[in-house]
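**Student:** Provided herewith is a single structure, encoded as structure tokens, for subsequent inquiry.
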Amino acid sequence: MAGIRVTEVDWQWPRNGAAHHTQEYPGPELVVRRGQMFTFMLELNCALDSKDTLIFTVETGPQASEALGTKAVFPTSELEVGNAWTAVRAAQKGKTVTIKVTSPPDAVIGRYRLSARLSSRRKHSDRKLGEFVLLFNPWCPEDDVFLASEEERQEYVLNDSGIIFRGVEKCIRAQGWNFGQFEEDILNICLSILDRSPSHQNNPATDVSCRHDPVYVTRIISAMVNSNNDRGVVQGQWQGKYGGGTSPLHWRGSVAILHKWFKGRFKPVKYGQCWVFAGVMCTVLRCLGIATRVVSNFNSAHDTDRNLSVDKYVDSFGRTLEDLTEDSMWNFHVWNESWFARQDLGPSYNGWQVLDATPQEESEGVFRCGPASVTAIREGDVHLAHDGPFVFAEVNADYITWLWNEDDSRERVYSDTKKIGRCISTKAVGSNSRVDITGLYKYPEGSRKERQVYCKAVRKLFGVEASGRRARVRRGGGRGLWRDDLLEPATKPSIAGKFKVLEPPMLGHDLKLALSLTNLTSRAQRVRVNVSCATILYTRRPVAEILRDSQAVRLGPEEERKIPITISYSQYKEDLTEDKKILLAAMCLVTKGEKLLVEKDITLEDFITIKVLGPAMVGVAVVVEVMVVNPLLEKVKGGMLMVEGSGLLQGQLSIDVPSLEPQERALVQFNITPSKSGLRQLQVDFVSPQFSDIKGFVIIHVATAK
């Protein structure tokens, strides 16, 4: 601006931050949300004439253009104009001009360059004023990501910590997770994830122009959080061996992972499993302004051949035959849901959308999943974009057990067909409670509506009519697909069985259980009971067999009999994985050829307590006291506490724990100095080379300094 120069720009950080709910971002650039006015002040070297009009230009990405929606040129005017970039000259006091700029609610999100010139100086180039970051806006009714509830916006956009539910269906455990979307450099890293995607590398201008659409952005992030097709953020590992990297269970949040990826020049971080992928994706999407939550599905199907059944092959001891079993049922699987409108599908499918960054199956040639409308999954509309069949199977597939005989024949074994998709869980809004959202994904098992939806899904997937809940398209001989019109369930045997835990299964202790068998008839029966036990990963993949036993049992008429089973610590300690899971199986062979498979997944329990000794206040040190217990029947040396919490301490803290005798308890104290007010999550893990991490967390209410 020849003659007139901008000498200073005041971005009005406190004012804009409060109005746009972006005050937690650390800067240095201004962060605002689309579809909403923001204010800045220009200090000039001389006063503007009332006739002078300022013309602003905003640009984002390379080769920015108005045609692609990545560039806009707009003058100051008296009024805001519809769905477009507008600038209003709100006030002028001497050489200071106040400008109010409003972006359209469907603007491309990302880092913008802002420049200006005087309308009377067309021949002169624009003066660069600086950069700002534009995010999605769940507070704007015209934005596709609009979420009406303020409580939900606080939880799903602004909460920088959360809870991920893990374990098994009958023993669900809460694990804290530090999302940390407002930590130093995280916003910049999240924008870099978009720029590192193959779509951007291949055609950057077009890629950036699509970033107005949450469907597009979330699908890109789903692919980029895993490293399978690109130099994405996290490398998966499910073999129980984590050499050259970090065990998935050692991560306490997303911040360290994202920093490591960025500082390592985009080299994938080793290693992650489903909850790590979901935790990182939740951080990225909340950071970009999309309401997102973490969801856990217990007994989750991985249906590799997409035939709506998980076919498990076992031997006469109930042990999984891995070379024959392509499908799997994980103890739990964790994914994300994000809230936005589906302009591509229609308003019926607005709301929560499933997104899954865990690399399980390819979608259009890339390891990613979603967004799949939760409503579409519940209604059986599996033909709709994206990846509906896979998600539908995760919560609806049948669990079918086959006994593989020595002559290579197979026969159906009675098992529970309602196992898949149980206790679908997420953290409650405003509290640490678990909320069961299974009803959002499917109608009640066995209901008429559930059968109708199932038949609809089969029709859309395979182009065939399902004549009942059991109709299946199944794998023939392990290869290809073939139709079996009425696949009848295995005959219900004349005995019933169940494993019962006699004492809480504690890490480091012997496990005491009983197999309870009941004769359902009025005649005596003989049963051959083959019991096996293995340590497993949370995917139910066996690691090592730790028990095998066979015995003949006589059951009198309608008799219930308990067969005691003890698994000593010495039997499992060498082969227990960090998941701390054990699978018991009993194949019960009745004299008339009936077969019953009884299974029990056990997660070993541990113990840690965390107390804050006194009120917590910003800028004031407070003492935290942690009680740990040596869970083993042997001495433990070299233990440490690993501590993390956004707004409570910078980075991570490690504290030595003294040597502990068998079963000994110890109190460890340390100080933290909170830097942010509000509800804050402190995570404390007890780490030892002799057992897997014992994880705990506590929510601390931090008051503002007086």
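Just so you know, glycine gets a Cβ as well, placed from its N, Cα and C.
Whatever TrEMBL says is automated annotation, not expert-curated.
According to TrEMBL, the protein has these features:
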- 266-359: domain 'Transglutaminase-like' (DOMAIN)
- Cys274: active site (ACT_SITE)
- His333: active site (ACT_SITE)
- Asp356: active site (ACT_SITE)
- Asn396, Asp398, Glu445, Glu450: Ca(2+) binding site (BINDING)
**Student:** Ten-angstrom check, please: count other Cβ atoms within 10 Å of the Cβ of Asp398 (Ca(2+) binding site), all chains counted.
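**Tutor:** The answer is 25 other Cβ atoms.
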**Student:** Suppose you look only at the domain 'Transglutaminase-like' (266-359); what would the mean pLDDT be?
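**Tutor:** Overall, the domain 'Transglutaminase-like' (266-359) comes to a mean pLDDT of 95.
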**Student:** Looking only at Cβ atoms, how many others are within 10 Å of the one on Cys274 (active site)?
**Tutor:** 27
**Student:** Using Cβ-Cβ distances, find the residues under 8 Å from Glu450 (Ca(2+) binding site) that belong to the same chain and are at least 6 apart in sequence, listing them in sequence order.
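**Tutor:** Those within reach of Glu450 (Ca(2+) binding site), by Cβ under 8 Å and sequence separation of 6 or more, are Lys442, Tyr443, Pro444.
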**Student:** Can you tell me which recorded positions out of Cys274, Asn396, Asp398, Glu445 are within 10 A of Asp356 (active site) by Cα, answering none if there aren't any?
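**Tutor:** Close recorded positions: Cys274.
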**Student:** Hey, what's the Cβ neighbour count for Glu445 (Ca(2+) binding site) at 10 Å?
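**Tutor:** Cβ-Cβ neighbours of Glu445 (Ca(2+) binding site) within 10 Å number 15.
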**Student:** Let me know how many other Cβ atoms fall within 10 Å of the Cβ of His333 (active site).
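**Tutor:** The Cβ of His333 (active site) has 25 Cβ neighbours within 10 Å.
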**Student:** Among the recorded positions listed here (Cys274, Asn396, Asp398, Glu445), which has the Cα closest to the Cα of His333 (active site)?
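**Tutor:** The smallest Cα gap between His333 (active site) and any of the recorded positions is with Cys274.
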**Student:** In whole Å, note down how far the CA of Cys274 (active site) lies from the CA of Asp398 (Ca(2+) binding site).
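**Tutor:** Computed Cα spacing between Asp398 (Ca(2+) binding site) and Cys274 (active site) is 22 Å.
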**Student:** Measuring Cα to Cα, tell me the gap between Cys274 (active site) and Glu445 (Ca(2+) binding site) in whole angstrom.
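**Tutor:** That comes out at 26 Å between the alpha carbons.
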**Student:** Name the residues of the same chain, 6+ apart in sequence, whose Cβ is under 8 Å from the Cβ of Asn396 (Ca(2+) binding site)?
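**Tutor:** Non-local contacts for Asn396 (Ca(2+) binding site): Ala301, Leu308, Ile420, Gly421, Lys442, Tyr454, Ala457.
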**Student:** Including all protein chains shown, what's the count of other C-beta atoms within 10 A of the C-beta of Asp356 (active site)?
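**Tutor:** So the number of other Cβ atoms within 10 Å of Asp356 (active site) is 31.
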